[in-house]
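Trainee: Take this structure, written in structure tokens, and hold onto it; I'll ask about it next.
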């Protein structure tokens, strides 16, 4: 079924220039909220509709799910078919301030909700100064430059640097748990702060420079903010395949098995040593 995975990422790359070009015309806020309770921008719904149209007819894709949709959409019935889970426009709130955002995709080999262990590929498109796509599959992560026509140019393999350089953590500091705040104080003595409000842009900083990105469980939200199926598990797959580690505070995110489509989870990805230190500092999600 490798051709199905190829077709999905080809479709995402082909749509990327259109997503990027359409952002200026879809900056307005809607009156609606998505299934997770987030206020939607026109760009969120528009990007979701576009990516659904580009992927739902791919032979071998049986299910489509998105952060912007309440439920899974059945689009095929191929034997051994895949589920495609998308965050169509991660960091869409950055559109207003003209900062980076991206598209996150996970491909699972079973119906959703599905555990991290069922991921067969994951990737993201980053709409920054250039448009790039990072894809993890077959035990390898590679980065490509996406042209204005959707054509891709391979930029080579991606491997997480062994020496950490940057860190970025989400959430309000007053909402952090005491154990997590203590861990951050140790980290900030050695690493440089890089946090831009779009998860995928911050994760890409970690892939390039080494370090850690996370959105913790908080006093007011023990499960954190990021959606397991659409955000946490795909980025964990990418980072672990690139030689790093992931955690929800107790275990690898790839061992997480969501029971609800829009379930949230504390999320940490980065260099092995930093994630190991995090796990030691956070014995469970409530400390």
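Cβ coordinates come from backbone N, Cα and C, glycine included.
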Trainee: According to Swiss-Prot, 87, 89 bind Mg(2+) 1; so which of 56, 59, 67 is the extra one listed there?
Mentor: 67
Trainee: Suppose a student reads Swiss-Prot and sees 87, 90 listed for Mg(2+) 2. Which of 188, 219, 231 should they find annotated at that same site?
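Mentor: For the Mg(2+) 2 site that includes 87, 90, Swiss-Prot also lists 231.
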Trainee: Given a separation of at least six residues and a C-beta threshold under 8 Å, show me what packs close to residue 91 (substrate binding site) in the same chain.
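Mentor: Spatial neighbours, sequence-distant, of residue 91 (substrate binding site): 99, 100, 101, 102, 196, 197, 198, 199, 200, 201.
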Trainee: Nearest of the binding-site residues to residue 195 (substrate binding site) by CA-CA distance, picking from 67, 87, 89, 90, 231?
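Mentor: With Cα distances computed to residue 195 (substrate binding site), the winner among 67, 87, 89, 90, 231 is 90.
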Trainee: Drop a 10 Å sphere on every Cβ of the binding-site residues 67, 89, 195, 225, 231 and tell me which sphere holds the fewest other Cβ atoms.
Mentor: 195
Trainee: I'm trying to understand the geometry here, so how far is the Cα atom of residue 87 (Mg(2+) 1 binding site) from the Cα atom of residue 225 (substrate binding site), in Å to the nearest whole number?
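Mentor: Between the Cα atoms of residue 87 (Mg(2+) 1 binding site) and residue 225 (substrate binding site), the distance comes to 14 Å.
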Trainee: Within 10 Å of residue 231 (Mg(2+) 2 binding site) (Cα-Cα), which of the binding-site residues 67, 89, 92, 93?
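Mentor: The binding-site residues close to residue 231 (Mg(2+) 2 binding site) (Cα within 10 Å), listed in sequence order, are 67.
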